[in-house]
Amino acid sequence: MDAVIGVDAHKRSHTLVAVNPLGRKLAQLTVATTTEGHSEALRWARARFGRDLVWGVEDCRTLTARLERDLLAAGQQVIRVPPHLMSRSRASSRELGKSDPIDALAAARAVLREPDLPVACHDAHSMELRLLVDRREDLVQHRVALISRMLERIHQLDPAWAEPRNWEYRKPREELRTWLATQHGLLAELARDEFDEIVALIDTAQALERRIDGRVHEAAPALLGIHGCGNLTAAKIVAEVAGIDRFKSEAAFARHVGVAPIPHWSGETTRPLRPIRHGNRQLNVALHRIAMVQITHPGPGRDYFQRRIDEGDSRQRALRSLKRRLARVVYARMKADSRNGGRNGRGLDPGRADYHSRRLAAGALRQMTQLRSRPPQRLALPPRDGKRTRPGRKRYL
């Protein structure tokens, strides 16, 4: 590997910083967020550092999706760097402040420091499912707010009608519509307008659900076989995972989800494993839904949960253990779906998740060999105590 190029992404520009395998900054460049700008960045990187490159891109796919597609189409290795790792690298650096070059440098050094970061890939389903799921969730949140506002107005008209109902069914809708038509005044007018908006939002959300159902049955049939994993939950998982082949193992996937325990001990002091407080919270919520369904209904999940409680675990600890086991099952099902659906992603095979770590190690070894083969250099130091040296002479270490 010749260089690692960190990328700090924004709407209008991407800032690139290249480092060698030891983390020393080599050069930087700012390009536009267009295909022409990405081609310029690729030509610059190949001309300056060779063709064996690794790109560390900030994991913000709304800003980096086009860049990742262009780099993968050119056969480049792209690593997604979580923003919290960039912040951690920036905090431990001797260079103070925050800027685009500093963030890009932090991304590149995070790739060197963490060899197990997920590899970027673009499959045929995850991005579309994410757009559909996000749109449906926005509509549902807007619908909930409108229902609360409408019920408040109805309560002012007649408290007997201000009861929460399932407005997705036709009968309660028609009853409320008929009653609102008999009311007069500004409150009734606003309530009727909000009721019409709610009905339109319900119809749009249901249409999106039908589109999501068709896509998720095509993308993840094995995932849907898990008890408690419905269409919307499976779509959420597929959308957030964005290619299961970018994880080298189920343990790496569990750590990404935030259900893998971490060690917490020192010397002779041993303590229970601590749960991870970070990770992808959307995936964590999806696993939590599956776990709660399995706990509620008879089956292997409920038996395992009860056995952990009988062994002395608290309910929270037993739930964390169940979610960790579910992460293993979800990973296996998604790997099966990936094998049946063909290769996920384009460009280099992301299934070899340790590929770029071997390249990093080889590049670092080559760089160290080159440094050791150089003759030792004497470092010039400034004069002590403000004393001047004679012209043409320097004090050496």
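Each residue, glycine too, has its Cβ placed from N, Cα and C.
The domain 'Transposase IS110-like N-terminal' feature in TrEMBL is assigned to 5-152.
In the predicted model, the domain 'Transposase IS116/IS110/IS902 C-terminal' (222-305) has a mean pLDDT of 85. Here TrEMBL flags 222-305 as domain 'Transposase IS116/IS110/IS902 C-terminal'.
The region 'Disordered' annotation in TrEMBL covers 368-397.
Positions annotated as compositional bias 'Basic residues' by TrEMBL: 387-397.
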Secondary structure content of the domain 'Transposase IS116/IS110/IS902 C-terminal' (222-305), with strand meaning DSSP E or B: 47 helix, 6 strand, 31 coil
Counts of helix, strand and coil residues, the domain 'Transposase IS110-like N-terminal' (5-152), according to DSSP: 78 helix, 32 strand, 38 coil
